[in-house]
Each structure stands twice: as C-alpha cells, then as structure tokens.
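The following features are taken from TrEMBL:
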- 78: active site, nucleophile (ACT_SITE)
- 169: active site, charge relay system (ACT_SITE)
- 171: active site, charge relay system (ACT_SITE)
- 46, 47, 48, 105, 133, 134: L-glutamine binding site (BINDING)
Ligand code: GLN
C-alpha cells in the first residue's frame, strides 16, 4: 500500500514524513502515470490558483477525478481543500469540484494570517495541533458531508466518504494523527478491493 503526495507545489516532503510516521509508504507524484502506483492521494497546501493551473496543464484534473471515481481516498489540506471543493466563494469556476462543500479563501483576514491552535476532531481522542496559514473556511456542506471539527463555530475539518479535507496544515507539526486517520481510510479502501 502506498500514498502519493501531489508534488506540483507546497509542503510535499512534510506530508511524506507525516504519512510515513503513520506507517504507510509515501511517494511524490509529479506525473499522472504515477497515480497508478498509489491507493491514496494527498493534495498539499500552497496557492490554490497556481495548483489548479498546474493541474490543468499536466492533466491532473481528469486523472484525479478518475482516481476519486474508483473510490480511492484523497486528503486535501488548505489549498488542497480549495481545489477539491465544488464551489469557491467569489469565483466562477472550481478546480476538481469533487467534494460537496463551499469554501471561502483567506477567510481569517489579514490580522490573523497564521496561527496555531488545538482542535477537537471527531474520531481522534485528544485534541490535534493545527497550523493555519492564510487558511480557507468551509462555509457550507452538502448532506453527504460529515463535519469533523470546527474552530470558533466555523468548519475546518470534514469528510465525504473517501474524501477528507482540513483548512489547516497537519503536516507542519509532529502530530501525525490526522495522517493516521487518512491512512486508515486508505487501508479500508485497500481491504475493500482485495
Ligand atoms: N490562501 C491559499 C489559497 O487560497 C491557501 C493557503 C495555504 O494553502 N496555506 O490558495
């Protein structure tokens, strides 16, 4: 079993380290062909407009939609959350448009460009350390979406079946329990096909 980390932009090595700490082999994915070797995919943070453009340029929009269609788990963090969303506030077009959520970009304002906090996440026992950097918020969710955590009443972690998203960067701390949660989703997928 292997998890890929989309390596177009952003904190790729940190995600590889965190998922490996969760006990799963990880590889950087730079070309669409490499998706065939992985059973789960992480889309890191960065800048969603840039990631979206690069995804179009290298054929990842269609390839990741097919990957998702097959039921393979995908975990989007920060900008990765934005590119998975069906709707981005103030923008006409979404990117992958896979998850039934609406997001607001840079939703914490300039005063709070970045901050850290401890979050209670459904399915994880103790609070998880979360680093927010020009983070998006989920402003509405469809009825297939389960809210896993909120920060000041705003949704910051959610799941829709095989899709998991966080507004923040779980890969920038030593706390790899959200990666462990995702690794369990990938194990469940692997178990369901073998
Ligand atoms: N603000 C960025 C965007 O809108 C996301 C920030 C991040 O990934 N840390 O794309």
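Every residue gets a Cβ built from N, Cα and C, even glycine.
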Contacting recorded positions, sequence order - 46, 133, 134, 171 vs ligand 1, Cβ under 6 Å: 46, 133, 134
Shell list (L-glutamine; ref centroid = CB of 46, 47, 48, 105, 133, 134; cutoff 8 A): 45, 78, 79, 82, 106, 135, 136
Alpha-carbon spacing, residue 169 (active site, charge relay system) to residue 47 (L-glutamine binding site), which is rounded to whole Å: 13
Fewest-neighbour residue among recorded positions, criterion Cβ within 10 Å, set 47, 171: 47
Lowest local Cβ density (other Cβ within 10 Å) among binding-site residues: 105, 134: 134
DSSP three-state assignment (helix, strand or coil) for residue 133 (L-glutamine binding site): strand
